[in-house]
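Scroll down for the structure; my scribbles are underneath it.
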Amino acid sequence: MLLVALALLAFLFPAGDTQNALQWPTSVHGIQISSFFNHTMAQSRCSGWLGNMELGSFDSDTGTIIFKKPWSKANFSNEEVLELEELFQVYMLGFIREVQERMSDFQMEYPFEIQGIAGCELISGGTIDFFLRGALEGLDFLSIKNSTCWPAPEGGTKAKKFCTLILQYKGIWDIMENLLTKTCPRYVLSVLESGKPDIQKQVKPDAWLSQGPSPGPGLLQLVCHVSGFYPKPVWVMWMRGEQEQPETQKGDVLPNADETWYLQVTLDVAAEEAAGLSCRVKHSSLEGQDIILYWGHSISIGWIILAVLVPCLIVLVLFVLWFYRRWSYEDIL
């Protein structure tokens, strides 16, 4: 498996391209969210991801895997997919049943929600790491590593009891170990190859400036918007000349509907000091040609366009009115 992983890394990221290797997602993980409303009603949602790219989901009502990408199936045969569907269906039904039957053991009250994430990651050197973590109501509950269950401090006695309980289910351990150490590594290696054109696409960002709400008397909030870029890593900074402005505030990199990304970066500054500031954007798709937007230029250009358009529109309206009145007057005569 290690030799295969190293060969794939060499194929995906040729020599001298290690910086790009850090940009592309190399981990596959599944997310499970199970909501328990009462002792008879529960709902689970499961989805599979390559980094931040959704690959598919599991429909627990029909017991089928729904692939979101043409290449999401990777090199798995229809028979293998069917086996996974049956395994997931048995797991989901068993998980819900066990939780509901052991409510009193863990002193839990309805409604509540359990979240879980499990998967594997192709890391530097060609090795593959595995992970499984669980959360209760959004708080860390436990993690499983090397066939050992580790209760999280936030989980308290409930997490300790759960780890003690799950160790008794050898069948569950065997299934998890097989999925994490065999199925997942094979899948991540395959899907990275089959989805390479999409995974390694380059989409250039759009950038523009705006003014945010005033942070105080005599102050301006300068906002630099960067949107539509892929892959996710991006560098955005407010600058004065070549000097980075340490007061720059960066928001979270958020997903767009088309699987590109959006980032907003702000700077609070005295109004008289805004002149000469610029927003610089670095992204792999730009190939070293950084985007630089100067504060005031976009505003002045907008005013110039407005100053040209408004008089033209006024003249056009006056001409139409004059023509209409002249035409109406001639009809009367």
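Cβ atoms are placed via backbone N, Cα and C, with glycine included.
Swiss-Prot tags one of the stretches 33-36, 253-256, 329-332 as motif 'Internalization signal', and that stretch is 329-332. In the disulfide annotation of Swiss-Prot, CYS184 is paired with CYS120 out of the candidates CYS120, CYS224, CYS279, CYS312. Mapped onto three states, the DSSP output places CYS163 (disulfide bond) in helix. Within the same chain, residues at least 6 positions away in sequence whose Cβ sits under 8 Å from that of ASN75 (N-linked glycosylation site) are SER190, SER194. Residue counts for the domain 'Ig-like' (197-295) under DSSP, helix first, then strand, then coil, are 9 helix, 52 strand, 38 coil. With the fewest other Cβ atoms inside 10 Å of its Cβ, the least crowded of the disulfide-bonded residues CYS184, CYS224 in this structure is CYS184. Among the recorded positions listed here, namely ASN38, CYS120, ASN146, CYS184, CYS120 has its C-alpha nearest to that of CYS279 (disulfide bond).
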